[in-house]
Amino acid sequence: YFNIDNMNFGVLRVINDDLIEGKTGFDLHPHKDMEIVSYVVDGELTHGDTMGNKNTISRGHVQYMSAGTGVYHSEHNLGDSITRLLQIWVVPDKKDYKPAYGDYRFNAEDRKNKWLNIVSSKDGDAPIKINQDANFYVVELDEGKEIDFSVESGRQAYLVQIEGSSIINDVELDERDGLEVVEENILIKANTKSHILVIEMKKST
């Protein structure tokens, strides 16, 4: 899926919601000057790149690559069942960084009915840090649970209903729906068990 009219929300370039069949994937291909974050929803994802990295992650885990001056990488599902992942591209704060890779295996309990900061800027607190003023949060809410999120003045956020259904400030979201939020406090109520991602960043000028 590609829609040129549905790209670029602040520094967020795209979010690809990918399904990879078993024993398939994306062979080596190039990237340059992009911060790329992969968040696995189901199954396993094996990353390889020309920096010599090769690692496999599963549900709730994160891989990060700063493409910088240029790197080739591959993503494969070596298992039999379908892998679902969100691959998120963020424009870096400058060009020509040295390419870098990292991954982190988060515990499911750390996002159960509470926000978990999985990605932050270099001066943030998350274990994965990117070259941009952007923060990623995830939560898995039990049915009927509520949680709030504050998008401060001068900030904006993009919310993805990864799984389940919820009501956000009277707007109902179903699985794979997205919502743009600018300088607004939001209240999320889970209609069903819900898995939600929020990408928070500086407001577009």
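Placement of Cβ uses the backbone N, Cα and C atoms for every residue, glycine included.
Summarising the annotation, TrEMBL assigns domain 'Pirin N-terminal' to 5-90.
Per TrEMBL, the feature Fe cation binding site maps to His29, His31, His73, Glu75. The number of other CB atoms found within 10 A of the CB of His29 (Fe cation binding site), across every protein chain shown, is 9. Secondary structure at His29 (Fe cation binding site), taken from DSSP and collapsed to helix, strand or coil, is strand.
For 118-201, the entry in TrEMBL reads domain 'Quercetin 2,3-dioxygenase C-terminal cupin'.
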Packing count at His31 (Fe cation binding site) (other Cβ atoms within 10 Å of its Cβ): 18
Protein Cβ atoms within 10 Å of Glu75 (Fe cation binding site), excluding its own: 22
Cβ-Cβ neighbours of His73 (Fe cation binding site) (radius 10 Å): 22
